[in-house]
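S.K.: Please find one structure pasted underneath; my questions will follow.
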Amino acid sequence: MTTQQEEQRSDTKNSKSESPSEVLVDTLDSKSNGSSDDDNIGQSEELSDKEIYTVEDRPPEYWAQRKKKFVLDVDPKYAKQKDKSDTYKRFKYLLGVTDLFRHFIGIKAKHDKNIQKLLKQLDSDANKLSKSHSTVSSSSRHHRKTEKEEDAELMADEEEEIVDTYQEDIFVSESPSFVKSGKLRDYQVQGLNWLISLHENKLSGILADEMGLGKTLQTISFLGYLRYVKQIEGPFLIIVPKSTLDNWRREFLKWTPNVNVLVLHGDKDTRADIVRNIILEARFDVLITSYEMVIREKNALKRLAWQYIVIDEAHRIKNEQSALSQIIRLFYSKNRLLITGTPLQNNLHELWALLNFLLPDIFGDSELFDEWFEQNNSEQDQEIVIQQLHSVLNPFLLRRVKADVEKSLLPKIETNVYVGMTDMQIQWYKSLLEKDIDAVNGAVGKREGKTRLLNIVMQLRKCCNHPYLFEGAEPGPPYTTDEHLIFNSGKMIILDKLLKRLKEKGSRVLIFSQMSRLLDILEDYCYFRDFEYCRIDGSTSHEERIEAIDEYNKPNSEKFVFLLTTRAGGLGINLVTADTVILFDSDWNPQADLQAMDRAHRIGQKKQVHVYRFVTENAIEEKVIERAAQKLRLDQLVIQQGTGKKTASLGNSKDDLLDMIQFGAKNMFEKKASKVTVDADIDDILKKGEQKTQELNAKYQSLGLDDLQKFNGIENQSAYEWNGKSFQKKSNDKVVEWINPSRRERRREQTTYSVDDYYKEIIGGGSKSASKQTPQPKAPRAPKVIHGQDFQFFPKELDALQEKEQLYFKKKVNYKVTSYDITGDIRNEGSDAEEEEGEYKNAANTEGHKGHEELKRRIEEEQEKINSAPDFTQEDELRKQELISKAFTNWNKRDFMAFINACAKYGRDDMENIKKSIDSKTPEEVEVYAKIFWERLKEINGWEKYLHNVELGEKKNEKLKFQETLLRQKIEQCKHPLHELIIQYPPNNARRTYNTLEDKFLLLAVNKYGLRADKLYEKLKQEIMMSDLFTFDWFIKTRTVHELSKRVHTLLTLIVREYEQPDANKKKRSRTSATREDTPLSQNESTRASTVPNLPTTMVTNQKDTNDHVDKRTKIDQEA
């Protein structure tokens, strides 16, 4: 026994607290030890020395029984079917809570007669109760109960109370004794009771307390309750982010040290050793692993009968289509618990995804769930929706915030610090806008528009942080660590002033940023200012992460600053030794910023936490902050206040991105941007930030759900509004200004058409000098260019016709070719001859006279093409439409890949099966496409790859046909294949783990379905599970689909080898037959044969072969 265990036993002996949970534990212990209740009060963990085992001391019978409980002997989906009694109890409880669940349960009842009976029984009980009430009400109002009636009613109440007493679980009123190293707070005890009630009613749930309220401790306490009170030792699976693996292990060691916790992590060999020697041998209670490890080790984890699956940061599975969500749904578990501080991020469909994971038998249809919360405009309907949402969420969701439950934790003070830009930042910001001025003005296509705008947004946000994030911006080489790191970024100027003040006050600071390269700059800054620091980002190893956290949190640590990336450092890290959080930039998802703040603002924090969020004023970051406030307000309305309207996703659309980019852009070009200098007063900046933060919060707190559904929650702003002015084109009497680069303005005569002016007018721009009375001439519409996909097989003649049409249009509008048309460089584009001549001089200076002459020659050639372009006639237009109709314009990429896959699966000549496999096209369409495809295959980019895939599929198909034929012929030669079929095993087959009967069964099943059958090996698995031959054959019943496919492949290889070497195998066949005819059945196989109808007990098999492999049943070896 360890010293730690002796100390714990000594502590528990001296403890005399008598909580209800402890009484129950003591009762259970007294039954096993034969002692009285009074002797065991407060000794929930004290067992006799004989009963306190180490792993090695446990008797073999204990491990055998434990392994039987931990490891499934059937497929998880069949094991789930055995839990129907839990399902009925769960349904009955939920129907008692609210009749709204009948909508969901009614769907399940259509396929389950027992659920139908349950619903009828509940309806019958309700009708009886209704009739009794109606009878009483219809009688005289002076009617008094007789003694007999009252006695009957009292007896019924007593009986019901007795039943409830036996069924009700013990209510925990204070911190239970099995929780060591501290006590649960009152609200944590309430959370433990809530988890216990979920367990008793066979429900899964979502523990959604605000970050920092001790969700980890509540979960560990609940698992301790299951272990020490309910005698459920496990197995429990806890899936957490990689960064919190060690934190969870430490928490278990601290609060419930006697629980056997295993962390599944490491390289492939290490994990394989853990799975083989610990997990599958049931030598653990709680398994902690990461999301990535669950995906990699799914086959091993799927074999255990989990009592609980706990998922930390459960919003990771909000997408039910993700790999993690789908894999975890395959696991067997009695119950599931989700832990998240952010239950709602975007919309209610994500909340449904979490509920669907917890209770798939109830929340199986997302459309039905969404229909519940469709909301009309009337206030009465809104009230009904709110009530419905509360009724649905109450049994599953527990959500509490710090302000309501944790009175000792001071509220954090958040301040948005609005910062101007330095001259260098302004210059880079303008340059980024000018680089893609068309996109800034909204002149982007639908297909590439959002990606193009996202790229601009990313670059602008980098500029707001520090211009040195761009290659070539930092002066050098040589590169120096000097004051220029600070005075070239507005945020760095304010950070420098703020950190100096915090250092004097004795505060300690966490600095978060999305960009790890910015942390590099901050590292240089800390080195320059002699600030001791730690750092964590996405590339930090698990060991280095733990070391950095311990170093920062140790008593009297010299570390002043902790640098973290928002995503890598915002999960599961306890840094309460810091009292100041600086968000250098804001995450798109406001919940990520909240998680970052709560690394310091959590239980255990004794100081007031200040959060400073840096925001670049009059730039894109202001819009990002408004977007974050909108999302947080939505969370507050839907979850914390119960407003249940179905909400549209608040993702960033193209208009949203455009609005962010345009915000403050005009001020940049007009030299009105907010500036900051080294002399800025930090007090004035903080005071201004506090005021603007209060205004922003007040604005969004006053908004309702309908207001939040608008673009950005303020009045009727759209993507065309910035600086309080609307630039959207409303009518002809108000012409909108186009945002022009600061370098120059373009001047063109209005008497001729210009393509640039034409597009400006279409998008919403125009000339300042346009008057209300002078109508502008309408520019002709540019002809649409069809850019077809290569697999759509447009006729080659179409390209020539489209070029002819484009040249004719340019000739018609007097289009002048510029250097931009040749080089694609906006710096070379001119608007008149004078500008072009000046640019030619610049080109000559930079690239030489030869480059200038070549550019001029190419411009002249292109202009000559336009000037001499022939007319595009009506006949040309008709011919163009005719050519377009010949292309396969209704075939998309998905249809094309479906055709390729079908050709690979069935062979290019099997048109019947190819037609059937493409559901989106008629058989005639597929046939016509196939003909053109094989004629013009080489016109497709990467045609060699597609052809190679088809040829590989055809070869595989031929091989399968050949194997099918050999197998069928071999089986047809036997009158009773299961008895007489002979498999020619190789001479060296000592490692073979399948016996002859299992191999024969697999071959007969494959012959039954065919090698090319869909889901062949799932069908084989089903045949094995349903066959009486293998009732007690644990080995074959626990083979996975992948293992069965490998075995079938090996057997087919043996059959092919037998066919290819007939002479060599002929002698073997005769010897084997002679031996097997004289060999009696093994006792095991004889018993199986007698239990199967029409299976003679004289089935010929090899007894020696069977006996050799009996001892190998529990091994999973690699096959030869």
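Glycine too: its Cβ is placed from the backbone N, Cα and C atoms.
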S.K.: Look through Thr342, Thr922, Thr1079 and state which residue has the annotation phosphothreonine in Swiss-Prot.
M.R.: Thr1079
S.K.: According to Swiss-Prot, one residue among Ser44, Ser134, Ser831 carries the annotation phosphoserine; which one is it?
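M.R.: Annotated as phosphoserine in Swiss-Prot: Ser831.
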S.K.: Tell me the residue counts in helix, strand and coil for the domain 'SANT' (886-938), as DSSP assigns them.
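M.R.: Its residues divide into 37 helix, 0 strand, 16 coil.
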S.K.: Provide the three-state DSSP residue tally for the motif 'DEAH box' (312-315): helix first, then strand, then coil.
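M.R.: Within the motif 'DEAH box' (312-315) the tally stands at 2 helix, 1 strand, 1 coil.
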S.K.: Across the domain 'Helicase ATP-binding' (196-361), what is the average pLDDT of the model, as a whole number?
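M.R.: That stretch averages a pLDDT of 85.
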